[in-house]
Amino acid sequence: RICYSHKASLPRATKTCVENSCYKMFIRTSPDYISDRGCGCPTAMWPYQTACCKGDRCNK
């Protein structure tokens with residue numbers, strides 16, 4: 001799986017993962033502000049929320 005791994009406003013970067021999913025993490029009240037991206041599907045703590053997906057570069 002190829003997932004985006006860049007933080008919020010940094011230039012796009014990808015990484016090859018062994019996990020079969022990608023995620024993006026954002027603040028629940030500001031879903032347009034992505035605070036983190038990467039491989040897998042981690043559990044988020046309030047006020048963050050995780051959106052997980054299963055496809056190459058799906059966590060745009």
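Cβ coordinates are placed from backbone N, Cα and C, and glycine is handled just like the others.
Per Swiss-Prot, disulfide bond is recorded for CYS3-CYS22, CYS17-CYS39, CYS41-CYS52, CYS53-CYS58. Residues annotated as region 'Important for binding to L-type calcium channels' in Swiss-Prot: 41-48.
Restricting the disulfide-bonded residues CYS17, CYS22, CYS41 to those with a CA within 10 Å of the CA of CYS53 (disulfide bond) leaves CYS22, CYS41, listed by sequence position. Taking the Cα atom of each, CYS17 (disulfide bond) and CYS58 (disulfide bond) are about 13 angstrom apart. Most other Cβ atoms within 10 A: among the disulfide-bonded residues CYS22, CYS53, that distinction falls to CYS22. Annotated pair CYS3 (disulfide bond) and CYS52 (disulfide bond), C-alpha to C-alpha distance, rounded: 11 Å. The disulfide-bonded residues near CYS58 (disulfide bond), taking a 10 angstroms Cα-Cα threshold over the set CYS22, CYS39, CYS41, CYS52, are CYS22, CYS52. Compared over the disulfide-bonded residues CYS3, CYS17, CYS39, the count of CB atoms lying within 10 A of a residue's CB peaks at CYS3.
CYS52 (disulfide bond) sits 9 Å from CYS39 (disulfide bond), taking the Cα positions as reference. Listed in sequence order, GLU19, SER21, TYR23, THR50, CYS52 are the same-chain residues six or more apart from CYS41 (disulfide bond) with CB atoms under 8 A from its CB. Secondary structure at CYS52 (disulfide bond), taken from DSSP and collapsed to helix, strand or coil, is strand. Summed and averaged per residue, pLDDT over the region 'Important for binding to L-type calcium channels' (41-48) gives 94.
Taking the Cβ of CYS52 (disulfide bond) as centre and 10 Å as the limit, one finds 15 other Cβ atoms among all the protein chains shown.
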